[in-house]
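In TrEMBL this protein carries:
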DOMAIN    132-182  domain 'Inner membrane component'
DOMAIN    356-475  domain 'Sodium/calcium exchanger membrane region'
DOMAIN    579-721  domain 'Sodium/calcium exchanger membrane region'
TRANSMEM  135-158  transmembrane segment
TRANSMEM  240-268  transmembrane segment
TRANSMEM  325-346  transmembrane segment
TRANSMEM  358-379  transmembrane segment
TRANSMEM  385-405  transmembrane segment
TRANSMEM  426-448  transmembrane segment
TRANSMEM  460-480  transmembrane segment
TRANSMEM  527-547  transmembrane segment
TRANSMEM  577-597  transmembrane segment
TRANSMEM  643-669  transmembrane segment
TRANSMEM  681-698  transmembrane segment
TRANSMEM  704-724  transmembrane segment
Amino acid sequence: DVPKATEPRGDSDGPRRGSLCDRHCAAINNVQGDLSDLGCHLHRPRVPPAMSPPSYCQQHSEEVCESCVVKTTLTAENVVEANKLSNNYKFGFKKWKSHVTERPWEDRSEIVKELYSDLNVVRGSGGSTVTCGNVLYLLLFGWWLSFIYVLMAAMMFITIVGAPYGRLCWDLAGYFLWPFGKVIQKVEVPKSHRALGACEAGAEASGAGESSALLGGPVPRRWRPWCWADGRHWQRAGAVVWLCLGYPMLVLAHGLVCVTAWLLVVLIPVAKLNARTATRVLLLPPEQVVVRRLRMTEVPLEGEVILCCYRAVNPYYYKYAVDGINVFAVNLLPLVLVTLVLGYVDSHNRLTSSPVKFTLALLSIMPLSYYIGMAIASISAQSNFAVGAVVNATFGSITELTFYITALIKGSREGNRCYAEIVKSALTGTLVGCVLFVPGLCMVIGGIRHQEQRFNSRSAGVSSALLFLSVGGVFAPTLFSKVYGKLVCGECHNVTQNPLGHYLCHNCHFDLMENNGTLYYSHVQPLVYTVSLLLPAAYLIGLFFTLKTHTHIYDIHISGCHMPGHHHSAVVHWSRWRALVILLLSTLCMSACADLATEHISPILTNSTISQYFIGVTVLAMVPELPEIVNGIQFALQNNLSLSIEIGNCIAVQVCMLQIPILVLFTIFYPTNFTLVFSDLHVYASMFSVVLMNYIFMDGKCDYFQGTVLVMVYFILLAVYFFAPSPSGC
């Protein structure tokens, strides 16, 4: 908690200077923009309790007014969300956009409230139900679902005892052909209808007494062929016939529609419609189910409406979440199970081929990366700084490292150097993509909504300095080998037919193993180990600089929102233990998917006409980073480009300062073909990307044009990798 400032008193000049400084800071903060949508904006300067704001501002007016340029005031619903927001601005912590706690219902927009509402709300008035989405429902599901109900109605009428259910199926056939603007209502049957031996009285009462105050008008009469003595619905023979013949087939049809509509995301209202029908409507007594068409001026006043749907498609369902998990991550989770079953059960490729399994393994990495990120954010938000730092340092790069290590192990067992080159290409692709593509794409998308976006240039400068240091350290052994190594070419041809003329050589590289590897083992390898020790040390110094001694660079103020009706008790989606279990399970599944990807990548590398460089820098590098890219885009749309840039910079810094030293350390205990010597293409692409990124981020503001430049340069580099010949050894 930030101590509250005391009221100014005494010096007459103090209040004037203090208010001037406050107005200055407030004006600058208004320019920077508040990142919250809750409508509460509190700015609490960090003032010692013993010092009043006027004297403090009088003595340090320049420092205070200068520091408020980089101050950001955020609002949070509870302490856990405040910790999550604060962690987003900490260097080395995973940036996470989604909430880790349940948001108060009153704080959500009407669009989001509609996503989570049940399909039982009847509107007083509405427009036409003939929309493109509703017509799409008719073409995809409505016609054949209605046809199944017609067949089921005929079957129920044939059984005689199931005639009431036949009439129900006939009514539902018309409903599911076009359910929009109609309601399914549950009506209460009078007790006289269920009285013992009162079938005739019930039949007479049904004609005169069955009416609904909910929708008005008489309720359609149900044909009752006979009535049993006990009068209970579920003891009738028709109920047995219905549960044995009709209900299972309809549940199967509704289940198919529900799963298909749910996977399409925008058709989730259709999925809810069919799920509610299978679990509620079809289990009700047929005389209690009424299907009515609503008029625009007709408003139900009482009773229970089970289903009322107006449109089949809602494009905002990409925001839908289940227990805090985005709907796309939920839909991709079964893909992980399918991948693991096919990969380990069908080991001889009898059901599917290796390219299909490789593609499934890569796609499975995306939801697992999401679950790992969500678990890390949940644990960090509910724990102290030390625990959050350890979790982020341990599992922050687990997705990439799992794939790299499994690929190096497979290459070492097969004696194939191509796997090591693929790992180097993936490392370079991650570095280049996070420096150029991620911030560039965020600038373009954010620039569409905001004409000019500003960000914290000082925090970006820290990341840029670490990037320069890390790139120089990573490529130092490569430059050393090119200076002192011997150039060896695989094949040379004399172009001029003159022994002293020009020669055209192919597959040239610098040989480090000349004279039994004296140059490599005596000079290059010690340099690699030295760099691998210095880079993590520099990373720790960067953490200490940004999180301890110079925290004002990321001067974030979290303020609570005290509004009527707001409850600040945190209801977390995942508890710490649950998040830990999910984190471990996701990591285990990630290891299995990475093993399958490396197992089935060999046919692609040998049979594909595309350069292995291109496969490494695109597919293997950027697919695991898709959740981070989505987070960066969401931050940019909220005019918070600082976090969008920090996402890319943080990943790039971790690639050079953590992932590569860990791979070098792994090769010490498990010898592989991985050496910290990159090709010229990797060196030039990485250095040019870092220089261009620092030039763009120099002034602390950007627009969509600068983002377009970064994205175009990235695609140019991809074109270079696409047309480049395959690396030696592949």
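Quick reminder: no glycine exception, Cβ is built from N, Cα and C everywhere.
Those TrEMBL annotations? Automatic predictions, nothing curated.
Listed stretches 135-158, 325-346, 358-379, 385-405, 643-669 were compared with the transmembrane segment (426-448); the greatest number of C-beta pairs under 8 angstroms is found for 643-669. No contact links the domain 'Sodium/calcium exchanger membrane region' (356-475) to the domain 'Inner membrane component' (132-182), because fewer than 3 Cβ pairs that are 6 or more residues apart lie under 8 A.
Using the rule of three or more Cβ pairs under 8 Å, pairs at least 6 apart in sequence, the transmembrane segment (527-547) is not in contact with the transmembrane segment (135-158). Through the fold, the transmembrane segment (325-346) approaches residues 98, 262-263, 265, 268, 317-318, 352, 357, 360-361, 363-364, 366-368, 370-371, 374, 573, 589, 592-593, 596, 599-600 of its own chain, all at least 6 residues removed from its boundaries and within a Cβ separation under 8 Å.
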